[in-house]
Amino acid sequence: MVIKPKVRGFICTNAHPVGCAKSVENQIKYIQGQGFGESGPKNVLVIGCSTGYGLASRITSAFGYGAKTLGICFEKPPTEKRSATAGFYNTAAFHNFAKADGLYADTINGDAFSDEIKAQTIDKIKQDLGKIDLVIYSLASPRRTDPDTGETFKSTLKPVGQAYTTKTYDTDKDKVHEVSLEPANQEEIEHTVKVMGGEDWERWMLQLSEADVLADGCKTTAYTYIGKELTWPIYGQATIGKAKEDLDRAASTIISSLSDKSVSAHVSSLKALVTQASSAIPVMPLYISLIYKVMKEEGTHQGCIEQIAGLFAERLFAENPPVDEANRYRMDGVETNDATQAKIKSLWDQVTQENFHQLSDYAGYNREFLNLFGFEIKDVDYEADVDLLVTW
Ligand code: NAD
């Protein structure tokens, strides 16, 4: 079957298996071209391993440090007529490349928030790996069912405290327009914290510890976005930001409750990038199109793989790495420094429907968006027949 992208709003409803495999291969090649130090992870659990920052973390662990990786994701397999999700094809490709290099890789496809998947993961670790020395927590999800109560919570993307009017770009209608976002009520804030806060990260770490599958000195990190003034009203100081603040609380709890194993837990703040998660956030496509323009001109543009390679080499496995006032690793300085922010702010103030395509790098944003689903990747023949039924 010949597959062309089917874009609906902020998602693409299909994926190209050969393009996804090529994108994974390109990230592997990038990592193989970097020099990583002697000290690194050996047995890694990546929760949210199939796309975006989690996939980059898995690739860095395996191909940068030769680690065995166990991944958890929530992806749809293909049918005769319907392509799998991109994360499914990415994972299949990752398994093939890992196998070719003699690297252990296994993946559990199911709801990471459930205790059932946690139990399956623990069994798998006991069977194949013994103990884990790095746990990456990279989930992005709009809902979570609390395993204790069975209640399902949904996250909301709204400002906190007061309504906020700002510019946004509608990728469907190619339109820059104003958007007014009503503030969240208390319940919406609490539910967002339930979904994207630190409760599940903590639960994972406690269950892994109780099952005695964490190595002494095990490291864990969960990913956050902090941003700056332009995105604070809709991200950093909004419902999602409240949830992300809860990760800081969880990191402290993990450190204190697992002190017998000297577990180190850090929140890592990463830069804004096009991923399936970020393209769903109002304002982000406009903001990211502008930062791509500025950062490409500055020569500081980075994708997921460059950010994560830096996080591993300069923070997670570096001696005495710097942390911020909340004990977080910061890899977002390339975006949040004052000089870069001033340039983005100036473009933000000027941008209108008429000049959007000149002032922004929307072409770059859109290409990276399609790349997420395996489309528009260099050296892939998109006219060729492909087999949808790829698996691992
Ligand atoms: P993504 O959408 O690319 O990846 C999400 C991953 O979570 C996928 O592997 C998916 O399969 C998995 N997943 C979702 N729900 C699941 C479930 N119920 N059970 C098992 N797996 C599930 O997202 P991303 O942008 O890479 O985000 C990962 C983390 O990085 C998030 O915490 C996000 O806030 C953070 N972050 C993102 C950005 C950005 O700009 N994209 C910036 C900084 C930090």
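Any Cβ shown, glycine's included, is placed from N, Cα and C.
As annotated by TrEMBL, active site, proton donor applies to TYR235. According to TrEMBL, the NAD(+) binding site annotation covers 48-53, 74-75, 111-112, 139-140, LYS244, 273-275. Taken from TrEMBL, the feature substrate binding site covers TYR225. Residues or ranges marked as domain 'Trans-2-enoyl-CoA reductase-like NAD(P)H binding' by TrEMBL: 2-80. Residues or ranges marked as domain 'Trans-2-enoyl-CoA reductase catalytic' by TrEMBL: 82-317. According to TrEMBL, the feature domain 'Enoyl reductase FAD binding' maps to 323-386. The site 'Plays an important role in discriminating NADH against NADPH' annotation in TrEMBL covers GLU75.
Sequence features, as recorded in TrEMBL, placed on the structure.
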| residue | record | DSSP (3 states) |
| --- | --- | --- |
| GLY48 | NAD(+) binding site | coil |
| PHE74 | NAD(+) binding site | coil |
| ASP111 | NAD(+) binding site | coil |
| TYR225 | substrate binding site | coil |
| TYR235 | active site, proton donor | coil |
| LYS244 | NAD(+) binding site | helix |
| VAL274 | NAD(+) binding site | coil |
Nearest of the recorded positions (GLU75, TYR225, TYR235) to VAL274 (NAD(+) binding site) - Cα to Cα: TYR225
GLY52 (NAD(+) binding site) and TYR225 (substrate binding site), Cα-Cα, nearest whole angstrom: 13
PLDDT averaged over every residue in the domain 'Trans-2-enoyl-CoA reductase-like NAD(P)H binding' (2-80): 97
Neighbourhood of ligand 1 - recorded positions from SER50, GLU75, LEU139, VAL274 with Cβ under 6 Å: SER50, GLU75, LEU139
Most crowded position, judged by CB atoms within 10 A, among PHE74, TYR225, TYR235 as recorded positions: TYR235
Cα distance (Å, whole number) from GLU75 (site 'Plays an important role in discriminating NADH against NADPH') to SER50 (NAD(+) binding site): 8
For GLY48 (NAD(+) binding site): intrachain residues, at least 6 apart, with Cβ closer than 8 Å: GLY54, ILE72, CYS73, ALA112, ILE136, TYR137, SER138, LEU139, ALA140
Pairwise Cα distance for the residue listed as 'active site, proton donor'/PHE74 (NAD(+) binding site) [Å, integer]: 24
Euclidean distance between Cα atoms of GLU75 (site 'Plays an important role in discriminating NADH against NADPH') and LYS244 (NAD(+) binding site), Å: 24
Whole-number Å value for how far ASP111 (NAD(+) binding site) lies from GLU75 (site 'Plays an important role in discriminating NADH against NADPH') (Cα to Cα): 9
Summary of DSSP states over the domain 'Enoyl reductase FAD binding' (323-386), given as helix, strand and coil counts: 31 helix, 2 strand, 31 coil
Other CB atoms within 10 A, centred on GLY52 (NAD(+) binding site): 25
